[in-house]
Amino acid sequence: GINPARMSADSAAAGDAALAESYMAHPAYSDEYVESVRPTHVSPQKLHQHVGLRTIQVFRYLFDKATGYTPAGTMTEAQWLRRMIFLETVAGCPGMVAGMLRHLKSLRSMSRDRGWIHTLLEEAENERMHLITFLQLRQPGPAFRAMVIVAQGVFFNAYFLAYLLSPRTCHAFVGFLEEEAVKTYTHALEEIDAGRLWKDTPAPPVAVQYWGLKQGATMRDLILAVRADEACHAHVNHTLSQLNPSTDANPFATGASQLP
């Protein structure tokens, strides 16, 4: 199973000082748990779920075409990293936007938030740490960075407006987005196990520190942890999409296990 883990700046500084950073609470996974994660799918029942799913299906189709994604086992490590880095620059936005909007609503309404803010911000930081980790393996060039700026500008504002209109649709959207991420990282693991990707490549030190990986951890260990994170995010957002955002409390405690 998974147990809550909080890594402090003091403990991080005990390692490489250059990597020291204070992290928000996030799950720590057992070896048995990360190996057991598999792609899942929530069947849409309500209109907001159907809208979220159809939107993700369109996004996935366009993103696959843009990144040259193929299940045929012909993608290089550079292509995989390009796809993962771009995906994580987008995936880190929804939690921050939703958390920010709920924070501002709490301020102007002078009322409590019912516990949603921290879970949303934890998700945003977790996705950012995926990005920071993958950047240790590849540094994008100016053209890629320009595309990220444009994509962030469009996606952030679109999600901002959409969340004002229908938070439940937005959480369903993210739930289905994370389902697709689990599929992608499962495919990456299959490529690693087939010896076509990152053969015996060590995980970056920042990953060992952040996820508490064992010494000598490899890229396979890293991708297992990232896939587990994405499965958590899918479960959390599908759960939130079924709640009333104005009256229901967040059922996920800070840093708590996010999967049943």
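Cβ from N, Cα, C; glycine included.
Annotated in TrEMBL:
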BINDING   Glu88, Glu127, His130, Glu230  Fe cation 1 binding site
BINDING   Glu127, Glu178, Glu230, His233  Fe cation 2 binding site
TRANSMEM  143-165  transmembrane segment
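Neighbours of Glu88 (Fe cation 1 binding site), defined as other CB atoms within 10 A of its CB across all chains, total 21.
Nearest in space to His233 (Fe cation 2 binding site), taking C-alpha to C-alpha distance over the binding-site residues Glu88, Glu127, His130, is Glu127. A C-beta separation below 8 Å, combined with a sequence spacing of at least six in one chain, links His130 (Fe cation 1 binding site) to Met84, Glu88, Ala91, Gly92, Val226, Asp229. What surrounds the Fe cation 2 site, by Cβ distance within 8 Å of the Cβ centroid and not counting Glu127, Glu178, Glu230, His233, is the set Ala91, Glu123, Asn126, Val174, Leu177, Ala181, Asp229, Ala231, Cys232, Ala234 from the same chain. In sequence order, Glu178, Ala181, Val182, Tyr185 make up the list of same-chain residues 6 or more apart from Glu230 (Fe cation 1 binding site) whose Cβ falls under 8 Å from its Cβ. Other than the site residues Glu88, Glu127, His130, Glu230, same-chain residues with C-beta atoms no more than 8 angstroms from the centre of those residues' C-beta atoms, the Fe cation 1 site, are Leu87, Ala91, Gly92, Asn126, Arg128, Met129, Leu131, Ala181, Val226, Asp229, His233. Shown in sequence order, Glu88, Ala91, Gly92, Gly95, Asp229, His233 are the residues of the chain, 6+ apart in sequence, with a C-beta less than 8 angstroms from the C-beta of Glu127 (Fe cation 1 binding site). The Cβ of His233 (Fe cation 2 binding site) has 25 other Cβ atoms within 10 Å, all protein chains considered.
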